[in-house]
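Visitor: Dropping a structure here in structure tokens format, bear with me for questions.
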Amino acid sequence: MDFPSRFDVIVIGGGHAGTEAALAAARMGVKTLLLTHNVETLGQMSCNPAIGGIGKSHLVKEIDALGGAMAVATDKGGIQFRVLNSRKGPAVRATRAQADRVLYKAAIRELLENQPNLWIFQQAADDLIVEQNEVRGVVTQMGLRFLATSVVLTTGTFLGGLIHIGLQNYSGGRAGDPPSIALAKRLRELPLRVGRLKTGTPPRIDGRSVDFSQMTEQPGDTPLPVMSFLGSREQHPPQVSCWITHTNARTHEIIAANLDRSPMYSGVIEGVGPRYCPSIEDKIHRFADKDSHQVFLEPEGLTTHELYPNGISTSLPFDVQLQIVQSIRGMENAHIVRPGYAIEYDYFDPRDLKYSLETKVIGGLFFAGQINGTTGYEEAGAQGLLAGANAALRAQGKDSWCPRRDEAYLGVLVDDLITLGTQEPYRMFTSRAEYRLILREDNADLRLTEKGRELGLVDDARWAAFCAKREGIEREEQRLKNSWVRPGTPQGDAIAERFGSPLAREYNLLNLLARPEIDYQSLIELTGPGEPDPQVAEQVEIKTKYAGYIERQQDEIEKLRASENVALPADLDYATISGLSKEIQHKLGQARPQTLGQASRIPGVTPAAVSLLMIHLKKRSAGQQLEQSA
């Protein structure tokens, strides 16, 4: 039968992509249905209990700037917050939070259930209604037909999901959940390129069986970072520490002796796994020269003893998993609560998508998340928001939208997927963005919130907070520009004494702030009250200090564009080029591109790598000229 109500947008799947997609469409005012096989797993963190990290936090902040849920839920569920790369420049700093699974999921559920224009229905989707190459709706497991203008598929690892523990395997979307077999079969009938990918998860450990005195404590940062632009430290639950230990020679011996029982190394698994989150057996095999690998014990929550041992993802048989765990310092008596496993699943070549994440061959059908070959909650959430927004725009009869590479990491993510595709699970890094001095996590709202408001994604409260911040930045910049310090005055002498060099001439405070040895806090301590809002103060300081670098980067980008047709020698040995990662050396060696332009379009070859190639070619050319002149 047909469901009595028609919807504008239907979202299939209630993970990180699906929840952001459904919330985005509903915020834009269209009637939205979220179909999930289990209401209790909405927003579930299927793998590690953490949000953010290098490159990933930039996506979280962009989701937040566009009114999304991930950062808000993280502030409500985060039990440890840290800033990674804190000693480096703001462009590569990244906020990372350990999250309480229960609190995070509850925060997402609350947002979903209180979102106007959004309906939730528990039922697995088995089929799509497609007529004349246009999607018309969805058929559920019990034959119920839901009709809609746009459908967003966010199926995660559920399409044809196959779970592996040792040489045994069984169908599953994740541990404890059934796979989507009928829907996977239906999608394979469509004229879309399909492949198999793999991911994995480690065994979970009972913290009561762990000797933490044998490990290194890793507390969170003080003062506590905040994830959302609207967040506050008062929202955070009690904070906890993580713990660090290491694998050892005995661990590696156990793994090496049992590789023949690994589904990965015995040929049972066909799918390609994530390069930057390898299993422990893959680490031992690929990095045989390393004596040990770090293991981070991450708490799963405040009301459970379960720990997530980040660094030992495995699909080896359970008896081997137990040996591995108990060979590690501090875990000699550890009890495994849940075994680790690998999961294979279908994904579709993202080159068959438009920039809106709508499929090229079926109008109104959008894909987001792991179905597009990505890995990670943050990558999924960002795609979900974009797909949900474009599904709503289509239902409204409006043009689609996607940020450019110079506007957002989301733009980098989509451009990489759409133009290059991926043969392995795609993870975001800051190195993938050639405009990363502009695309900082601290200015995501300044880059995107105005567009979000225009699209209908940003509510009144967020818009008011954003406008106040933007006006505060302009006001403080103007104040600093109009405030002057002269040599020989009390202020001038105080600045000279603090920084060890007298003022040579009259400066305004904005000019002084641009100097590397002067920070905003020190400046206002010497010159009088400044901006009380820390976000405004941070933005004024970063904008002022980065101004020259940003201009220089724009020039570099223009030069890179001009170097499109620079030839690469056929005999170039990429392994000898300093600074290139092993991944990029391998890919360039396999593809043997003829020009820098071709090299730049190889999946995984970053703009930074192209710059290194250009520098190497210049050095090589200069060396050859010297030889000839000699």
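Cβ coordinates are placed from backbone N, Cα and C, and glycine is handled just like the others.
Marked as FAD binding site by Swiss-Prot: GLY13, GLY14, GLY15, HIS16, ALA17, GLY18. Annotation comment: Swiss-Prot describes 273-287 as NAD(+) binding site, evidence class sequence analysis.
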Visitor: Does DSSP give GLY273 (NAD(+) binding site) helix, strand or coil?
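Guide: The three-state answer is coil.
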Visitor: Just counting, how many other CB atoms are there within 10 A of the CB of CYS277 (NAD(+) binding site)?
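Guide: CYS277 (NAD(+) binding site) is surrounded by 19 other Cβ atoms within 10 Å.
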Visitor: At the Cα level, what's the spacing in Å between HIS285 (NAD(+) binding site) and HIS16 (FAD binding site), rounded?
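Guide: With distance taken Cα to Cα, HIS16 (FAD binding site) is 32 Å from HIS285 (NAD(+) binding site).
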Visitor: What is the set of residues, excluding GLY13, GLY14, GLY15, HIS16, ALA17, GLY18, whose C-beta falls within 8 angstroms of the centroid of the C-beta atoms at the FAD site?
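Guide: Going along the sequence, the neighbours appear as VAL11, THR19, GLU20, ALA21, GLY43, THR154, GLY156, GLY369, ALA380, GLY384.
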Visitor: Hey, which of the binding-site residues GLY13, GLY15, GLY18, GLU281 is the loneliest by Cβ count within 10 Å?
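Guide: Sparsest of the binding-site residues GLY13, GLY15, GLY18, GLU281 by Cβ contacts within 10 Å: GLU281.
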Visitor: Starting from the Cβ of HIS285 (NAD(+) binding site), draw a 10 Å sphere and report how many other Cβ atoms land inside it.
Guide: 17
Visitor: Note down the number of other Cβ atoms within 10 Å of the Cβ of SER279 (NAD(+) binding site), including every protein chain shown.
Guide: 26
Visitor: What does DSSP say about HIS16 (FAD binding site): helix, strand or coil?
Guide: helix
Visitor: Express the distance between the Cα positions of GLY14 (FAD binding site) and ARG275 (NAD(+) binding site) as a whole number of Å.
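Guide: About 26 Å separates the two Cα atoms.
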Visitor: Work out the three-state DSSP category of GLU281 (NAD(+) binding site).
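Guide: Note: GLU281 (NAD(+) binding site) is helical by DSSP.
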Visitor: I want to check the contact list for LYS283 (NAD(+) binding site): same chain, sequence separation of six or more, C-beta distance under 8 angstroms. What comes out?
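Guide: Same-chain residues close to LYS283 (NAD(+) binding site) (Cβ under 8 Å, separated by 6 or more) are LYS290, HIS293.
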Visitor: Relative to the Cα of GLY273 (NAD(+) binding site), which of the binding-site residues HIS16, ALA17, GLY18 have a Cα no more than 10 Å away?
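Guide: Checking each Cα against GLY273 (NAD(+) binding site), there are no hits.
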